[in-house]
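Copied over from Swiss-Prot, here are the features:
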type	residues	note
BINDING	Val11, Asp32, Lys37, Gly76, Ala77, Val115, Ser116, Asn117, Ser140	NAD(+) binding site
BINDING	Gln79, Arg85, Asn117, Pro118, Val119, Asp120, Asp145, Thr146, Ala147, Arg148, Thr223	substrate binding site
BINDING	Arg150, His165	beta-D-fructose 1,6-bisphosphate binding site
ACT_SITE	His172	active site, proton acceptor
MOD_RES	Tyr214	phosphotyrosine
Amino acid sequence: MKGSIIGAGQVGMACAYSMVIQNTLDELVLHDIDRNKLEGEVMDLVHGIPFVEPTRIRAGELADCAGSDVVILTAGAKQRPGETRLDLVQRNVEIFKGLIPALMAHCPDTLLLVVSNPVDIMTYVSLKLSGLPAGQVIGSGTVLDTARFRYLLAERLGVDPRSLHAYIIGEHGDSEVAVWSKVNIAGTPIGELSPDWDPAYLGDIFEQVRNAAYEIIRRKGATSYAIGLGVTQIVQALLRDQHRVLTVSSLTQGEYDLPEVCLSLPRVVGRQGVERTLAMSLTESERKQLHRSAQILRQVIDSIRW
């Protein structure tokens, strides 16, 4: 399997490193406008190949991405401290207006995995600019937010996060929605697992999830390790046809009467991309929050200067 990463910044290289050490691809092409830095990153990465299962890695131009089973987009303007993901929109739209058509000239049938922020908007932009079927354009969405949510809850409950079912849906950003009504371990709802939990404490967990990126950016400038692992999980689900349920961002198809946007819902991910969406039953409050999240994204989409 061949994959390409567009953008060799901290996120792009974290994705590359994670995929290499997990033997995800046979061939990996990396592309960046800063050729000198790109070549240095590739040199550093290939020198570790003797320690893992081999992957063919090289720096390349967009033409070298031809034949990629998946192309991962991490390129774009960097989120500044205090800047929301949505503030990034127009700067990254301008970058993608040149990038996506050029990429499609070489990879007309690829799976496109968008990681650049604001990811839901950039997934929508990539879909419209690429002309690919909706299921083949996927955003990393709230995969990372869901992981953060599960980690914090599992720490409190003293279980492995992989044994806890919990989801963050909607925008990957300030309007994201915690689906508290579906949090469970082995089918047991959270209220039965820990009935003495203070609602304020639960609210604090969600605030930690929602503000995590801002806190990390304030301290170290960017998030990288966790999203690299999350992207690897998505790529493995795609290329290994795992039919794995992940909260990726994709075009809405009438679920919950939402407007046409890209946002995250639990979706079955396999070799064809997003294969179907699992429409969970939500409480009235969760539905309202999800609609609010979708409306915020729709307003941003409507403001884009194409």
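Even glycines carry a Cβ here, placed using N, Cα and C.
For the recorded positions Ala77, His172, Tyr214, a Cα-Cα cutoff of 10 angstroms around Asp145 (substrate binding site) retains His172.
Nearest by CA distance to Ser140 (NAD(+) binding site), out of the binding-site residues Asn117, Val119, Ala147, Arg150, Thr223, is Val119. In the three-state DSSP reading, Ser116 (NAD(+) binding site) counts as coil.
Counting every protein chain shown, 30 other Cβ atoms lie within 10 Å of the Cβ of Ser116 (NAD(+) binding site).
Candidates Ser116, Ala147, Arg150, His172 (recorded positions) were compared with Tyr214 (phosphotyrosine); none lies inside 10 Å Cα-Cα. Comparing local CB density within 10 A for the binding-site residues Val11, Val119, the maximum falls on Val119.
Less than 8 angstroms from the CB of Ala77 (NAD(+) binding site) sit Leu88, Arg91, Asn92, Ile95, each of them six or more residues away in the same chain.
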